[in-house]
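Novice: Below is a structure I'd like to ask you about.
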């Protein structure tokens, strides 16, 4: 897309139609672009707010070819896709960002870690697993991760004792030292086609330990200037190492010794960056649109401290979602309510989120926790 | 809608599918609602971001009945509609906000002014026009306004001398004294079903004098605390007088003597409130959704000073729009670009807008003016 391109009605393809694709599409539509979603589920969240949906899976070569052919630029809301056909299309000159080569590298968590390690970026100690002896080589407890296909706590497990080896992940995997974590941090990094890089603030991720899913995010993180700078530096270095274009969610471990290690990188808008919609000058969702369409990146300035809380489907419910407590929750000042429009709820499924602003981050946390206790996503069926 | 209502998938109808309906729909979709747009133009801006469009005009009784019947709540982005069938539906118990009775009153600018005047709200001197003598009764120059159907500078004209009477508006009209204006101010006021009222900050409206269309808006207005409070008081009194539910744009004159007079009221999101998307805790577009669905109103806090500039179609162009200067403009920090997705441009047509944030309102204005000089909306045909 050169500088004479007419951006009015630019055709954008988004592969994946969940909540990330939905908000990306809303920001693309804000700028007047024409958006097509590729997703196997008819009327998926992103399709509801876009011009058009192509119904097809992420490994359907024909439909992947169609969306790329019919778009000026194609991007992603998820990394679990067939890259082989996309590499051919990319090599033939189609605009696909991040490139399918970067996607392929990131898909394999072991290769991703190896690349970062080779580039001198601090990561937890890790080892390829070829047999059960490899699993035991760091002692116990140890973290085992599937190389491919993991997300939201899936594909990751802790082996506490040698006996746990019998229940280990059977797919291709690697092990990682159990890091003595002080906090889990994250940074959203944007990089556009011209190589311009912008970092969002360092945030703190809090997890629901029952299922290892991100529960809340505090922006900014409660860390020293020194740690903040370290986190920014390793995140920028990581994205330079990957040579990617788009938005990258860099998950970090702050160890009790004060080291900052890269845990993993998502090549797309990330749950830890949802707060940017309300709290930053340019949201991560608009930023990816700017990055992949060869527009200048927007300011990543934090306009207000914020706390984001995921609304997960309540345990014990399935079927058509029912929102409990919406009146009481929306009465909390400076609270923004997002509900994704998924047709069915399941236990721990990401159904929506809230972002709460306050000049005082501790007050924002207090208000967010109050809302979290009030809002429940139940369903039409008990399970 | 009582408190047990399941807001997941709530069916919202919006009458009118331009830029106001578009952003309203995006905010409703953020909350997971199901949105239907009624508009005569297929693929109008709002339809592009909504679940469904009913193609029909605003005086089409059958289609108006359909959207109300098929929605849990129906609201508006414009006031020029047939209220007779809506009144029947409202009386039969359908949720329509603001009520068609309020819409009908506001449609007639003379009746609107008379009501405010009778309730003791300060307005410019005005007089019903029955004949040419009435036109001359305040002397010259004087402002003549059509009672019905005016918007964006249409239906309003200045009669400078008695000779101008021959070119006066021929429809039913009234005259208004030519106020000695210091500034034109505006306030967005929200009122929900329970009667809760919230005011947004007082803003300053600047006009393109060639066509009397709002050109830019500064938030907050550069006025004293005393004037600010006066403006808030008359705006709240006006909305109480109307007894309306929804969002109201109150246009005000600040006279050189320091009086604050109500010019007119729009019963819907208003151009002077576009800045709230980026600059306030809750935008006017989310606020109307909350108001009409019986949810608590959100905070109207100004998070950052802001300047909004309308992007009007350049004189001399029509047809498919072409955005000139987008790269240079989007490089300006804290600038948010909105483009509505209208299929054709016309001279002075509202095609998009930008909002620029800055801690310093004067810097925001400087950046906005820079962008305004760069961004041009041209078209495929010269006219």
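Here the Cβ of each residue, glycine as well, is placed from N, Cα and C on the backbone.
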Novice: Going by TrEMBL, A:145, A:176, A:177, A:178, A:179, A:184, A:263, A:264 bind ATP; tell me which of A:109, A:225, A:230, A:301 is listed for that site too.
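Specialist: Answer per TrEMBL: A:109.
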Novice: When you measure from the Cβ of residue A:264 (ATP binding site), which residues in the chain that are at least 6 apart have a Cβ under 8 Å away?
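Specialist: Correct list: A:109, A:112, A:113, A:251.
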Novice: Rank the binding-site residues A:176, A:184 by the number of other Cβ atoms within 10 Å of each Cβ, and give the residue at the low end.
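Specialist: Least crowded of the binding-site residues A:176, A:184, by Cβ count within 10 Å, is A:184.
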Novice: Under DSSP, is residue A:109 (ATP binding site) helix, strand or coil?
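Specialist: SS state of residue A:109 (ATP binding site) = helix.
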Novice: Would you mind checking how many other C-beta atoms are within 10 angstroms of the C-beta on residue A:109 (ATP binding site)?
Specialist: 23
Novice: In sequence order, which same-chain residues at least six apart have a C-beta under 8 angstroms from residue A:178 (ATP binding site)?
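Specialist: Once residues fewer than 6 apart are set aside, residue A:178 (ATP binding site) is near A:141, A:142, A:143, A:158.
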Novice: In DSSP terms, helix, strand or coil for residue A:264 (ATP binding site)?
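Specialist: Going by the DSSP assignment, residue A:264 (ATP binding site) falls within a strand, counted as strand.
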